[in-house]
There are 2 protein chains.
Amino acid sequence: MLQYALLHLFGYGVSIDDLKNFRQVDSITPGHPEAHDTPGVEVTTGPLGQGFANAVGMAIGQAHTAAVFNKPGYDLVNNYTYMFFGDGCAMEGIASEAASTAGHLQLGNLIAIYDDNHISIDGDTKCAFTEDVLKRFEAYGWHTQWVKDGDHDYEGIEAAIAKAKEVKDKPSVIKLTTTIGFGSKLQGTGGVHGNPLKADDCKQVKEKFGFDPEKMFVVPQEVYDMYHKHAAEGAAAEQEWNKLFEKYGSEYKDLHSDLARRLTRNLPEGWQNKLPTYKPTDAAIASRKLSESVLEAIHDVIPELLSGSADLTGSNNTRWKNAVDFQPPNLGIGDWSGRYIRYGVREHAMAAIMNGLSAYGTIIPAGGTFLNFVSYAAGAVRLSSLSHQRVIYVATHDSIGLGEDGPTHQPIETLAHFRALPNMMVWRPADGNETSAAYYMALTSKQTPSILALTRQNLPQLEGSTLEKAIKGGYVVLENKDANVTLVSTGSEVSLCLEAVKTLKEQGLVARVVSLPCVEVFDAQDKEYRLSVIPDGIPTMSVEVMSTLGWEKYSHEQFGLNRFGASGPYKKVYEKFEFTPEGVAKRAKATIDFYKDVKPLRSPLNRAFTQLI
Amino acid sequence: MLQYALLHLFGYGVSIDDLKNFRQVDSITPGHPEAHDTPGVEVTTGPLGQGFANAVGMAIGQAHTAAVFNKPGYDLVNNYTYMFFGDGCAMEGIASEAASTAGHLQLGNLIAIYDDNHISIDGDTKCAFTEDVLKRFEAYGWHTQWVKDGDHDYEGIEAAIAKAKEVKDKPSVIKLTTTIGFGSKLQGTGGVHGNPLKADDCKQVKEKFGFDPEKMFVVPQEVYDMYHKHAAEGAAAEQEWNKLFEKYGSEYKDLHSDLARRLTRNLPEGWQNKLPTYKPTDAAIASRKLSESVLEAIHDVIPELLSGSADLTGSNNTRWKNAVDFQPPNLGIGDWSGRYIRYGVREHAMAAIMNGLSAYGTIIPAGGTFLNFVSYAAGAVRLSSLSHQRVIYVATHDSIGLGEDGPTHQPIETLAHFRALPNMMVWRPADGNETSAAYYMALTSKQTPSILALTRQNLPQLEGSTLEKAIKGGYVVLENKDANVTLVSTGSEVSLCLEAVKTLKEQGLVARVVSLPCVEVFDAQDKEYRLSVIPDGIPTMSVEVMSTLGWEKYSHEQFGLNRFGASGPYKKVYEKFEFTPEGVAKRAKATIDFYKDVKPLRSPLNRAFTQLI
């Protein structure tokens, strides 16, 4: 509510009526701030620790963008990022990961204020949180200050912020010891965390601070005047900036148009011509390597693309050959203009930092980890979706096909999880053309994040795959109008299905094969097209080496793995679970037999009613 | 491999052949150690940071169990918990959360050794991890030591461990600066992290340490002798302990039988008689409150039950009235025998600590957070399942029904995620009897964790629900042999479906209603029973206010919410998305009409082939 109230005072598009509608259906003032819905809300927070890591992302965004665009006399990109956090955020692992990252990166443009009010929802922090927070931040390499009377010492706060701005080589945290619900009868207790004040308490607070206790939702004119004056100063500064930027354009034409373009979130014209395409005769390649080839091919034409990995660079193949690391120059291993981020083993912070990078507006972030460990980042991945951030998760080692690392690393539930998440594209490409298609869609979808599930093992280039077909999310790889069954599959299992077609043929059965690399994009196609892919009249069986959950939507029967995997060479693991041409064919035959008597046999895409979306 | 090799040397059931089968299909030596599969492996690790938090759980388990059972002259429970962690673990947020918890709890029985080898998968830790780790642990309240030459200084290591054992009021960390792959040609590089040494390197290492370079998988007899001597000492100590425990039984009969029983993982006889049951005339109550009533009713008869919450005690309703907090006595707010754990806002660590508590063998842990934030803990929840731990997640505020907190807190994808996870029971009870059933199954399933998805809003007590029916995972709440449609539902939507039956009746349509509080348990019933619940011949429609993904397995049509929710009073939110009797009835009618022409209309439970499980 404080954030909404301040936006109102500063003149953003948040009215008194919007404030009255706080936490009401279809208001722009939901229970926690959502970047996509409310003017002036820059990141979606509420889930604890997310805002902390978002701020680190925005500070990285500033440091990088400044290094690329600032020139002598043109200090174009020079903002500080301010972030408030409380005890709850400080306890969350994601905030620890992000704080360690910010300290390593020496983000002097980041100023955090720690609201040290000693209260969390369970009451006094004494019950669970007795560490020395400032000492911890010192250990991370932060500059630390403590304002002991945060309730009254405004000058101390101002001085601390001024000092923090002077510290250029470290992020700053200011511990502000405060009283929660200051002025309320319940001040200093958990009773003021989430509940509205009672009527009599409201009145006495208003009296205490010199307001008319009987009036509600009233802002004195002098308060408006003061905030509007600040807003006018901001607007004037924006005008100045616009002039400076125009002048910059006369001196640095290319950089000017690059930055102007980035702010529209449009990609450079013709960039897609750089996407690799493949012929069936090309070598079999793991899709994590195909992804690397895409990054290699496009990084020059999409300068806003910043790649990285959570300490799995060599496995995720996220780094193009001549990449420079984003690092403080004094470490001697990169610089601020670098476009490769070493996130460390910090998956959750990586995801939330990428949300912050995307929100900054000049960057498209891509970050790698194993698909199984995208789950470590689930809290932030969810906010990529909810806040419409163009974030790309490069999720390699996408199945039991990773082999020897075994069940602790082999995703089973992961794709079902993220397919159930609204506004998320989950791509599982089957070959090179599909991998390029996945990147095409991930990069051109300005409002939707993507998870690219990529193999460790080699995949053959399919006959019949093209980028144009694959960007529909699903298409027919092998057509046959006499087919007895449709096999629908993704990623590494598409070529397995094509092998199974031969096995079935030996038994006198005819199968057609569909690749469905992205169900969310396929769902968005018109019904006629979708029914041409998964038609009425013959049964459909899905094949994917993980949980079958959700495949019932696209198939009558499902061949998958509803148990944990096994450690071993991947071909042996596939054999153990019957993911072989014979294993697929056996089940396809059972499917054909089972549906022989059903009339009419509808495509699973035919539904009685439309889903709410 | 070090863990497997040591287990072999100490005489556990790990043979040389098992070592040769490292990372082979169906071996007991998978790529990462799994507690359920390999003798002597106590927790399943590999995903970074999990083992760290498991160790904190085991140390809590020791402190609590000692406080309950130790008596003068009977120091029965007095083990230290040893834990190794590397830079990767140190970077993970879960380890930070667990370390902060351990420091707060003053776990003097916990000794951690930090393998400070300066190498992670991306190479030198300089690229992402430059914080002062020991200083951070000091900030958490740990005792810290540094052995600077971990490659050679065995006496220093021994002395540091001895010192750590003396420190009784703080967990200890010993930073051991080492060379990764010590002795290899690739020592000090990432090249020895995960790859086997090359043949020539293997040979020179063996030579360097005085072994025959030509022999493979050979253990010199003097090495076996030394380890077997240690093992014999251990066996003798176990004999001593058994004698002491027997003697304890003569003096402390009840405590003796309690501890002996706990170690079998059986519950006390007759405990289930304490479970609350409800009549339809009883008041409507939120299932989070029903859960509280279960805990209130059973905590006395199940002394091994330790509850807790990630800083949402008052919202999760996880604390029985007279609960004592598990706290260091010197804080004055609890003691070591306390059975309520204040986890702080640390969901991921809470889950992994609970895995450690369960592995310790004398405790059944239950821990609360909002269902949406179980996702923060996904990495550890997965290992609850994989390692067969009896852990209970009390997941309240389970849907858009939480209302005002809004989309950032309203689960959409969460149940699909965890239903896709093997060996996990996801319960979403519809009323009091179903809530008791959920606890009955959660507590009696020794090898399976549970997530209990519970409402914030009140739910009526259903006519036709009983504990006996609900423990089948699914049952008919309202039967009608003339039904045109089956409505299958869970939790808060079951009573909505019963309302919709009346609306349909006004339109001349007849519906039966099925409650499916746990699909995993329902799946385990025999087919005849399952088909009596979701029969052939009439269509089935599912109703659940979140992602429909997966419901196709149990229904022909699905009414759910495949988008993010909304912030507002929960009844308004339900109305917005048409989760009203009219909204359900409209879709049920469409379902009836759509399937009229299909012959035979099979139950979705009829499948062409059986899934691999």
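Counting starts with 1 at the first residue shown.
Including glycine, each Cβ sits where the backbone N, Cα and C put it.
Annotations in TrEMBL come from automatic prediction, not curation.
Between the candidates A:R288, A:R342, A:R346, TrEMBL assigns the substrate site shared with A:H193, A:S315, A:H397, A:D405, A:H409, A:R456 to A:R288. Here TrEMBL has A:N117, A:I119 binding Mg(2+), and the candidate from A:D87, A:D149 in that same listed site is A:D87.
Among the binding-site residues A:L48, A:I119, A:H193, A:S315, A:D405, the ones whose Cβ sits under 8 Å from a Cβ of chain B are, in sequence order, A:L48, A:S315, A:D405. Cα separation, A:N117 (thiamine diphosphate binding site) to A:D87 (Mg(2+) binding site), rounded: 8 Å.
The Cβ of A:H193 (thiamine diphosphate binding site) lies under 8 Å from the Cβ of A:I119, A:S120, A:I121, A:I180, each of which sits 6+ residues away along the same chain. The binding residues for thiamine diphosphate are recorded as A:G46, A:P47, A:L48, A:G88, A:N117, A:H193, A:F373; their greatest pairwise CA distance is 34 Å. When the recorded positions A:G46, A:L48, A:D87, A:E347, A:F373 are ranked by how far their Cα is from the Cα of A:H409 (substrate binding site), A:F373 comes first. Within 10 Å of A:E347 (active site, proton donor), counting C-alpha to C-alpha distances, fall the following of the binding-site residues A:D87, A:G88, A:F373, A:D405: A:F373. Straight-line distance linking the Cα atoms of A:P47 (thiamine diphosphate binding site) and A:S315 (substrate binding site), rounded to a whole number, equals 31 Å.
Within the set of binding-site residues A:G46, A:L48, A:G88, the entry lying nearest in space to A:S315 (substrate binding site) is A:L48 (CA atoms).
Per-residue pLDDT, averaged over the domain 'Transketolase-like pyrimidine-binding' (A:285-461), rounds to 98. For A:D405 (substrate binding site), the same-chain residues 6+ apart in sequence whose C-beta sits under 8 angstroms from its C-beta are A:H397, A:S567.
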